[in-house]
Amino acid sequence: MFSLLYGLWKYLFQKEEYFALILGLDNAGKTTFLEQSKTQLNHQYKGVALNKITATVGLNIGRIHTNGIVLNFWDLGGQTELQTLWDKYFAESHAIIYVIDSSDKERLEDSKLAFDKMITNEALNGVPLLLVANKQDIPESLSLSRIKDIFINSNQVIGPRDYHSVSASALKGDGVNESIAWTVGAIKRNVHNRPPHNSED
Ligand SMILES: Nc1nc2c(ncn2[C@@H]2O[C@H](COP(=O)(O)OP(=O)(O)OP(=O)(O)O)[C@@H](O)[C@H]2O)c(=O)[nH]1
Ligand SMILES: [Mg+2]
């Protein structure tokens, strides 16, 4: 009897809980992307005005309910000295969302270096990767295919993992829904490799 009731309780209240890391250089648009995701998935959400977002010094946490799961986001600060904190979160992550400022040609090389260091870390082996070519609303931005050429220039670096790239404007909201939908699908496909944490929520 207990196990039957426990099974019912679990079915009704227990949700699979996953964690996605949002990484990229400072000013790439990570926090804007997170706020836009929360707004698009919950129309009641009245968050920070997108043009009032300031640089992240620690960590922003977001939590959305979508497709029967709970997806938590860890949005970390991207400044050089804060990048040393990124790897503390790798072992617990179910997906990586790497955001690039496609208009910042001068710092593209820096972003690529940070990306390579991150993606070759063993603690992220097999974890799905979404590359977000952000700020596509800025006319001089590099296109998604150029960004892909630069970042995904070697399969050896990317490793055997689920991978996708999107053209986005976190500020305008373009590409954000597609990003979340892909991330949820990839997390579910990778569940044997990285099982969920469970929550009663
Ligand atoms: N034009 C344009 N500006 C954007 C876009 N996304 C973000 N921004 C702007 O870029 C600046 C930095 O955005 P943030 O979201 O704070 O960047 P971040 O990656 O979180 O930066 P850190 O917290 O310092 O790591 C802000 O002025 C945003 O309004 C975009 O898609 N297009
Ligand atoms: Mg930020």
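Note: Cβ is positioned from N, Cα and C throughout, glycine not excepted.
As given in TrEMBL:
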| type | residues | note |
| --- | --- | --- |
| BINDING | Gly24, Leu25, Asp26, Asn27, Ala28, Gly29, Lys30, Thr31, Gly78, Asn134, Lys135, Gln136, Asp137 | GTP binding site |
| BINDING | Thr31, Thr56 | Mg(2+) binding site |
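Taking the Cα atom of each, Asp26 (GTP binding site) and Thr56 (Mg(2+) binding site) are about 8 angstrom apart. Selection of the binding-site residues Lys30, Thr31, Thr56, Lys135 by a Cβ distance under 6 Å from ligand 2 yields, in sequence order, Lys30, Thr31, Thr56. Taking all protein chains in view, 18 other C-beta atoms sit within 10 angstroms of the C-beta of Thr56 (Mg(2+) binding site).
Recorded residues Thr31 (Mg(2+) binding site) and Gly78 (GTP binding site) have their alpha carbons 10 Å apart, per Cα-Cα distance.
In the three-state DSSP scheme, Thr31 (Mg(2+) binding site) falls into the helix class. Note on the binding-site residues Lys30, Lys135: the fewest other CB atoms within 10 A surround the CB of Lys135. Cα spacing between Asp137 (GTP binding site) and Thr56 (Mg(2+) binding site): 23 Å, rounded to the nearest whole number. Cβ neighbour count for Thr31 (Mg(2+) binding site) (all protein chains, 10 Å cutoff from its Cβ): 23.
Less than 8 angstroms from the CB of Gly24 (GTP binding site) sit Lys30, Gly78, Tyr98, Val99, Ile100, Asp101, Ser111, Ala114, Val132, Asn134, each of them six or more residues away in the same chain. Cα of Thr56 (Mg(2+) binding site) to Cα of Ala28 (GTP binding site): a span of 11 Å.
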